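One structure below.
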Amino acid sequence: MSDEQVRYDQARYVEDGQYEPLLSEKDLTRVDVDDDSPLPDDLTRDSLELPELSEPELARHYTRLSQMIYGIDTGPYPLGSCTMKYNPKFTEDVAALPSAGVHPDRSEESVQGTLELLYRLQDYLGRIGGMDAVTLQPPAGAAGEFVGIRVATAYHEHNGEDHRDEVIIPESAHGTNFATAALGGYDVVSLPSDDEGRVDLEALEAALSEDTAALMLTNPNTLGLFERDITEIAEMVHDVGGLLYYDGANLNALLGRARPGDMGFDVMHYNVHKTFATPHGGGGPGAGPVGVAEKLEPFLPAPRVREAEGDADYELFDPEHTIGKVHGYQGNWLVLIKAFAYIARLGDEGLADASAKAVLNANYLASQIGYDVPYEPFHHEFVASAGDQDAADVAKRMLDYGVHPPTTKWPEIVPEALMTEPTEVESKDTLDRLAAAFDAVAEEDDETLEAAPERTTARRIDQTNAARDPQLSWHTLEDGE
Ligand SMILES: *Cc1c(COP(=O)(O)O)cnc(C)c1O
C-alpha cells in the first residue's frame, strides 16, 4: 500500500466515527495495590481502576495514535517564523542521562556539574548573540520578551526615566511583541514598513521621542529581509535614550555569522527550542533565555550562575538590581541541556553551516515554486502570496499531499501570505517534494481547496469554536455529537 493510500484509509477510519478510543474508555478492571507506603492512609489508596490490556494492544494503541499525527519526524515542517527543524536524537539521549535528573533543591556544592553546564550555556549564548550577560530562566520566547521588557523598565526607572511609556513595534512583528509591550504597561506605537518591506526610517524618526522606552525588532524581519539600516536604526533609538530589543526567533538566519549585539541591540531573547533543537509546537516545553548588554546586567532575573572564588567552582548569585525570579529554579533545565548539547556538538563552524544551509534551502525552495514571492532578497524564510486562493485553504490542502503547510496569513503586508521556512535540515529531494505539493495545490479550484483536508485523520476543525468554547476535560463522543 502506498503512503498516500495509508493516509487515505486512516481518514476513512475516522469518517466512520471510529476514533482511536482513549485507554480509559476501554474495559476497566479494579486492581488491588499493596499498601506498604509510609504515607498516612488518606494519602494512599488500596485499589485503582486500570484498563485491561495485553502488551500488543497497548503497543498498537500508541502506534496508531502516532500514525494519526503529523510531526517533524514524519516529514518537512516549513512553518515560517517557528523554525521547526529536525531535533537530533542525541540531544534527547543527553537529557535522559541519569545524572541529568538532579533534584533542584540540592546544595550548590553537590550540583557543580549542573551549574557548570548552565554557566557554559550562558556563555555560549552570550557569544552567539554578542551579549554580555544571559539569564536562562524564561520558559519560552514570549516569556523572554516579557523579561526583556521588564528589564528595560527597571533600567529606565533606575535612571529616573519612568516617564518613558511607549514601545515601538513594526506592523510585521510577531503578535507576542505587541502583547509583551501591552502587558509591560506600555503604549504600543505601530511602525509601518517601507515599500521594500523593511523599517521605514522616516516613520521611525517620527515615532521616536523621549517617551520611547524601546524599539522591538527581529532581524531578518518576518519577511526574511535583513534590516540593512540596522546600525542607523540603533543610533536613532539610542539618541533618544531608548533601548533596542531583538526578537531572537529568526536567529537561525544569522547563527555563527552576525550578532545582534554587534548591530547595536541591547537586549534579546533566544528561542532555544527553535534555533537549538528541542521538539516544539503543540505547547511543548521550550526556553527563552535573555541576553543583555552590560548596562542591563544588574537588572536580570535572580539567580544567575557565575564562577565562584571559594572552594566550589560555580555558584548562584542575585544581580544587584534584579527584577526578581521569573521561573522555578533555573528554568526548563532539560530543554537547556538539549540546547547546550546541540551547540557543543555543532561548534562555531557547524552553527555557521546551519545558517548558510537554512538560507540556501529557503532560496532554493522559493525558486522552485510557482507562487509569487514579492519581497526579496530573503534569508532563511520567504513569504509567498497565494494570490486569488485563500492561504488557509492552501494550507489545509497541502496536508493532503503529505507535507506540512507553511504559516499563513501573516505578515499581513503580503496578501494571502504563505510564510515558508524549510530550515537547514531538509534535503534537496524533500524540498522538491514540498515544491511539488505547492505547485499541485496552486492548480486546484476553490471547491477542492475548501473541502480539504480529505486524507488526514481529522478533517476541518472548527477552530473558532474550539477557542470560544473549549472543552477542557475529556468526554467520550456520543452518537451524533
Ligand atoms: C515564535 C516567535 C515568538 C514567540 O516565541 P515562543 O517561544 O513561541 O513563545 C516571538 N517572535 C517571533 C518572531 C516568533 O516566531
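The backbone N, Cα and C atoms fix where each Cβ goes, glycine too.
The compositional bias 'Basic and acidic residues' annotation in TrEMBL covers 1-15 (among others).
Per TrEMBL, the feature compositional bias 'Basic and acidic residues' maps to 23-32 (among others).
Residues annotated as compositional bias 'Basic and acidic residues' in TrEMBL: 452-462 (among others).
Note: the domain 'Aminotransferase class V' (153-281) comprises 46 helix, 27 strand, 56 coil (DSSP; helix = H, G, I, strand = E, B). The domain 'Aminotransferase class V' annotation in TrEMBL covers 153-281.
According to TrEMBL, the feature N6-(pyridoxal phosphate)lysine maps to LYS274. If you draw a 10 Å sphere around the CB of LYS274 (N6-(pyridoxal phosphate)lysine), it holds 24 other CB atoms from the protein chains shown.
Annotation comment: TrEMBL describes 1-52 (among others) as region 'Disordered'.
Per TrEMBL, the feature region 'Disordered' maps to 444-481 (among others).
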I'd like the per-state residue tally for the compositional bias 'Basic and acidic residues' (452-462) from DSSP, helix first, then strand, then coil.
0 helix, 0 strand, 11 coil
